[in-house]
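Annotation source TrEMBL lists domain 'Transposase IS204/IS1001/IS1096/IS1165 zinc-finger' at 37-82. Per TrEMBL, domain 'Transposase IS204/IS1001/IS1096/IS1165 helix-turn-helix' is recorded for 88-138. The annotation domain 'Transposase IS204/IS1001/IS1096/IS1165 DDE' is assigned in TrEMBL to 150-225.
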Amino acid sequence: MSTLNYIGNLLGIKAEYIKNMRETSSEYLLYVESPVRPHRCPNCHSQTTRIKGYTNRKIQHTTANEKTILLLYRQRRYICTCGRTFNEKTEFSSRYLRTTPRLREVICQQLSEVTSYQAVAKHCHVSVNQVLRVFNEINYSRPSTLPPVLSIDEFKGNAAGQKYQVILTDPETHKILDILPKRDTTELAKYFAQFPRYIRNNVKYITMDMSLQFRSVMKSWFPKLKL
C-alpha cells in the first residue's frame, strides 16, 4: 500500500483524491482534487463534464500527532451547455462550511462526553465559536426514560434567541439526554410533564447548580427525589 493510500484510509478520504502531502511544524497539508466525472446541471438537469475553472479552498479536517490536518482542495467548477455554471460535489465539502464532516463528527463525539467548549476546541484545534456552531446543529430527541441520577445545568447558548439554555445529562454515563432551549421553570415543568409518573419515580438524585425556584419545581415533579 502506498503512503497516500495509507493516509487516505486513515483519514477517511479516498486515496484517488490525494495528490500530494506536505508537513510543517504545526500542520499536515493535503492537496486534494476529485476526479472528473459527469455532474447533473441544477438548471436543466442534463449531465456535463465540461470544466469552467477551479477555486482553491482550505478545509480543516481532524488532527494527527497533535497537528492540524488541512485539506487544500482544488474545487472544480463545471459549465453546462445551457450556460449554467456550478461547483462539483464531494463528500468532504459543502458550499459554506470550512470543516469536513469527519471533523464535525469528532466535535459531536467530544461534546457527548459533556466536556467544556474550550476543551473541545483545544482538542480539535478549532475556535470555541466553531464548536458552538456544531453544537447548535445537534438535535436530540426526548429520551424514553430517565436515569436514577439526573444532572441539570444551564449553559450560555443562542438557540431561539435565548441567552441561556438547559442541558440534561446522565452523570454516570456522561451521556447528553436532551437540550432545552429555555432556562425557564415553566418550560422545565412542561418538559417533565411529558414523562409518566413511573418514569419520573425512577429519578432518585438530581445534581444542579441552579436557583431555589428550579429546585422547588424538581421536587414537585420527582416525588422520590433527593436533592
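Keep in mind that glycine also has a Cβ here, set from the backbone N, Cα and C atoms.
Broken down by DSSP into helix, strand and coil, the domain 'Transposase IS204/IS1001/IS1096/IS1165 DDE' (150-225) contains 25 helix, 24 strand, 27 coil.
As a summary of secondary structure, the domain 'Transposase IS204/IS1001/IS1096/IS1165 helix-turn-helix' (88-138) carries 30 helix, 1 strand, 20 coil according to DSSP. Summarised as a single figure, the pLDDT of the domain 'Transposase IS204/IS1001/IS1096/IS1165 DDE' (150-225) averages 79.
Remark: secondary structure over the domain 'Transposase IS204/IS1001/IS1096/IS1165 zinc-finger' (37-82) totals 0 helix, 31 strand, 15 coil, with classes taken from DSSP.
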